[in-house]
Amino acid sequence: MAKEKFERSKPHVNVGTIGHVDHGKTTLTAAITKVMAEKNGGSARKFDEIDNAPEEKARGITINTSHVEYESPNRHYAHVDCPGHADYVKNMITGAAQMDGAILVCSAADGPMPQTREHILLSRQVGVPYIVVFLNKCDMVDDEELLELVEMEVRELLDQYDFPGDDTPVIMGSALKAIEGEEQYVEKIVELVAAMDDYIPAPERDTAKPFILPIEDVFSISGRGTVVTGRIERGVINVGDEVEVVGIRPTQKTTVTGVEMFRKLLDKGEAGDNVGILVRGLKRDDVERGQVLCKPGSIKPHTKFEAEVYVLSKEEGGRHTPFFKGYRPQFYFRTTDITGAVELPEGVEMVMPGDNIKMTITLINPIAMDEGLRFAIREGGRTVGAGVVAKIIE
């Protein structure tokens with residue numbers, strides 16, 4: 001009997017494995033693809049295929065990431081797995097792989113380890129909304145009480161970083177035994193994916209979110225007025241909609257009088273479209289690159305925020321020397337560079353290339369931002385770091 005053809009109609013959800021080195025993230029990834037391929041169609045991926053992750057570039061930073069996909073009975077999952085700890089840090093901070101939820105893999109034989117904690121903290125800082133837990137290597141632990149203890153420790157760790165430890169699904173299994181086909185452990189993989197289906201909500205579609213367009217260019221067309229161009233980041237825009245221009249200068253209100261794409265007039269534009277938008281009553285000098293056009297009231301300009309930052313190593317083309325407090329690079333948000341000053345956490349004197357660190361940044365001009373917005377850190381046009389807005393201060 002032929003496998004059913006791949007149905008695009010299933011909701012699409014992005015997930016990834018996180019957790020300490022050698023706790024079995026990649027083995028679990030292989031196990032899920034194998035079990036789901038057998039149950040729901042699709043293709044299994046072997047450990048070695050996943051482990052030899054190809055290099056990709058995100059915001060000028062090289063990251064090794066493996067992408068696999070699989071089907072549950074009611075969803076299509078895209079799943080990322082990284083070979084090294086540094087790749088996780090970079091991946092989560094650059095948002096190269098946006099996760100709707102994460103699978104925290106923790107070895108039942110070892111319990112939570114430093115990277116277990118660090119990945120939970122990173123998930124909190126970069127806005128991964130949901131975590132499900134897979135306690136791996138349970139076949140190596142005979143003592144029921146020890147398993148319960150490890151489960152309790154993981155739940156407490158989640159609580160410490162404001163994830164709901166008590167409500168988080170925790171599945172106990174063995175990825176290796178599942179790959180080897182031992183039925184009780186195959187069932188645990190099915191249980192894990194069912195928990196993901198239940199506990200991780202399908203993300204809101206980009207078109208359902210409030211409209212925002214980062215402005216790339218501004219033209220004035222004689223007899224018609226001012227046109228701003230850019231790619232719609234999220235939402236939908238209709239001719240006649242009221243919008244605000246936010247960032248850098250005081251916020252201005254205007255009305256959309258035309259939307260065009262490839263020189264054709266449209267009634268509306270939506271997330272992903274590269275468009276020109278004709279705005280009423282604004283002059284060319286009233287608007288500049290780096291501002292955003294957005295649904296009124298949906299996003300505010302801010303200058304001071306806390307960020308989680310990854311600083312490129314020398315090998316990645318970053319700085320060769322550390323930086324200290326008072327460091328003033330440019331912060332590249334969406335389409336423009338804004339100078340800002342850096343405050344380091346208490347007790348931190350300097351930051352070395354290759355570090356990841358939490359810092360407070362004060363920009364000289366306000367930028368339209370929400371928590372979760374990504375940015376690059378640049379010095380004279382060269383990328384030296386990547387960051388994500390973790391918390392807005394003012």
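Backbone N, Cα and C define each Cβ position, glycine as well.
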Residues flagged as region 'G4' in Swiss-Prot, choosing from 112-115, 136-139, 232-235: 136-139
50-54, 60-64, 310-314 - the one Swiss-Prot records as region 'G2': 60-64
Per Swiss-Prot, the range holding region 'G3', considering 5-8, 81-84, 257-260, 337-340: 81-84
Close approaches to the region 'G1' (19-26) from elsewhere in its chain (Cβ under 8 angstroms; 6 or more beyond its ends): 47, 50-51, 66, 81, 83-85, 104-107, 110, 112-116, 119, 136-137, 175-176
Packing count at K25 (GTP binding site) (other Cβ atoms within 10 Å of its Cβ): 27
Protein Cβ atoms within 10 Å of H85 (GTP binding site), excluding its own: 14
Cα distance (Å, whole number) from T26 (Mg(2+) binding site) to C138 (GTP binding site): 16
Helix, strand and coil residues within the region 'G1' (19-26) as assigned by DSSP: 2 helix, 0 strand, 6 coil
Predicted model, mean pLDDT over the region 'G1' (19-26): 96
Least buried by Cβ count (within 10 Å) of the binding-site residues G19, D22, T26, C82, C138: D22
